[in-house]
């Protein structure tokens, strides 16, 4: 009878990566004692005789602890040593033939990279599939098979709908720094990856038992940045919580670290100050860890593409400290290079709030979104925008905010539209970028409810624009005559709204046009 398999911590051996002074046998046994649940023995450039001898020793260790032992590729070696099964690649023996040779009780896994390979493996009788490559790895060249978290999630979404039991294991480039992110962000339709396959993390460790324990704990524990869905389920509930949230700014000034484009820096800094935040625009890779130590948030407004390494590092550092990260994927879809960079960012870090205009969000949601430079060209119905925002929020397990004449905001559970604002916001440079700054402030004070944070920021921003165009001088004349006069009055009104709220005057909230999308 075929045994039940725990794929959680899947160790792939490598005799070329053994920690100094250790042996492959010691690394495997210590790894098992620390929590390894399955061992796959892989050898390269070694004689069959040596392969069999080493495999026998490892097989005995695995039997001692009742841990399944698989052989990579070699059906003959698996038979010779009495292994529990094999793992085969796309260029190895066909899975159906391997099943015929090894029998129904053998454990057979297949390396896969796409849905077609998944379907074939299942049809051929595979027990599980190794899915990847998730990231690049030093153990082999996988550049032509990289799928990232985005690709892994699409595959798991497909597997969740298959009418068969098929184990899933993520492979390539995985270690203690990224496995929680991969597990959390790849989950689809309730289907979570069954296991994480690692090589160097354990084989290179001088303390493999402790390393395996740490890895098992990480696999079983949600990441610190995991986002709970809002408990507020109606517009009234949300609006009632805004005053209490903004009151926190009376005694707390969050540091809002911006990695933004040059044209937005000045305005974003002024808006951050008006919103009771403290702006910093440091762009050095070496500074981001120090900035993240201060309570606040990170705003990634994608400007210079050459700063990708810094963007990723900054997001990951803030993820590790559970600091909110706001991503503004500026002009994604406008150029191939920009889309590639933003896709990389999505695969290497978590973002609490993704905000953008219609074109940007529709592109990320997999829909056609027209861009004219950094500007969006509206072409979708409100219903289509609501659907796209909700879907993207579900996929990325975050809050998504689409700005426009009507704003759409969702946490994947509840979706809302906001019908406040003035068209002059669209006629000044960096108005969208600076909304991200306000979201950074509100996310810092709404740590447990990023939906409330995004809605609060958007209402503040939009209502401030309405009040600005209504402002009059002592003679009764309108102060705002166009985009140029709008900017300073808008910044003033934004500051006044928060200041009045702190004092207890919340009449402005009555202007909110917040509706729940059906």
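Cβ coordinates come from backbone N, Cα and C, glycine included.
Per Swiss-Prot, the 4-amino-2-methyl-5-(diphosphooxymethyl)pyrimidine site holds 40, 41, 42, 43, 44, 72, 111; the candidate it also names there, chosen from 2, 140, 143, 154, is 140. Between the C-alpha atoms of residue 40 (4-amino-2-methyl-5-(diphosphooxymethyl)pyrimidine binding site) and residue 430 (5-(2-hydroxyethyl)-4-methylthiazole binding site), the distance comes to 53 Å.
Shown in sequence order, 13, 15, 50, 51, 54, 72 are the residues of the chain, 6+ apart in sequence, with a C-beta less than 8 angstroms from the C-beta of residue 43 (4-amino-2-methyl-5-(diphosphooxymethyl)pyrimidine binding site). Proximity to residue 355 (ATP binding site), judged by a C-alpha distance within 10 Å, picks out 433 from the recorded positions 41, 42, 73, 92, 433. Neighbour density at the Cβ, taken as the number of other Cβ atoms within 10 Å, is lowest among the binding-site residues 73, 92 for 92. Annotation note: residue 403 (ATP binding site) sits in a strand segment as assigned by DSSP.
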